[in-house]
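Q: First, the structure itself, so that you have it in front of you.
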Amino acid sequence: MSARIVVTGTDTGIGKTVFAAALAGALDATYWKPVQSGLEDETDSGAVQRLSGLAADRILPERYRLRTPASPHLAAEIDGVDIDVAALELPSVSRPLVVEGAGGLMVPLTRETTYIDVFARWAAPLVLCARTSLGTINHTLLSIEAIRARDIPLLGVAFLGDENLDSEQIIVELGHTRRLGRLPRLERLDAAALRAAFAAAFEPRDFLGDAP
């Protein structure tokens, strides 16, 4: 079976989609966003296709497309959509699969189920994206604790933003996990610049093995 990698984050708006695009491009993978909330601006799937350089057929259609830009549980209620979390199964594809969640681990899909509940059922290796700015130590260590409490395999932490060596070091030490690399902020964000930045900061094979 090809590698299946879940990309999640400590919070929303930290650059998780940009990282997912870089990872999918580096692995020549297929990308899937199960639930998209908000359709007026560019969707995450659209951004990943634009930034990854992948062909359109490598971007799988979302299982749910919700018009309202809100947490999926609320967006679904406003839009009159019932999200069947039991039907959210990882697609079977012939190459690596990068799956992106929404916001953080505890974002609700319904009034009863959060993303981390689905991740635990999938039991696929997970990459935790974390910002490097003030407050990241607490948010990231809490996220790692939640992941470990559910026996989800954690590949490591991908840091996003400006260099903050002490915060990055204390997170991997106290979290007993790997620092996969750090994707810096890019003045010019396009497919070529993102590909170069990812290649300089990450080793693709770190994402293809079993979680340590």
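Just so it is clear, glycine is given a Cβ too, placed from its N, Cα and C backbone atoms.
Here Swiss-Prot flags K33 as active site, drawing on sequence analysis. As annotated by Swiss-Prot, ATP binding site applies to G13, I14, G15, K16, T17, V18, E100, G101, A102, G103, P184, R185, L186. What Swiss-Prot records for T17, E100 is Mg(2+) binding site. The substrate binding site annotation in Swiss-Prot covers S37.
I'm curious about the neighbourhood of these features; can you describe it?
A: According to its DSSP assignment, K33 (active site) is coil. Sequence-distant neighbours of K33 (active site) (same chain, six or more apart, CB under 8 Å from its CB) are T43, D44, S45, V48, E62, V99, E100, A102, listed in sequence order.
Its Cβ taken as reference, G15 (ATP binding site) is surrounded by 20 other Cβ atoms within 10 Å in the chains shown.
Over all protein chains present, the Cβ of S37 (substrate binding site) has 25 other Cβ atoms lying within 10 Å.
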Q: When the number of other CB atoms within 10 A of each residue's CB is tallied over all shown chains, which of the binding-site residues A102, L186 has the maximum?
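A: Ranked by Cβ atoms within 10 Å, first place goes to A102.
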Q: For L186 (ATP binding site) and S37 (substrate binding site), determine the Cα separation and express it in whole Å.
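A: If we compare the Cα positions of L186 (ATP binding site) and S37 (substrate binding site), the gap is 26 Å.
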Q: Under DSSP, is G15 (ATP binding site) helix, strand or coil?
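A: The residue in question, G15 (ATP binding site), is coil (DSSP, three-state).
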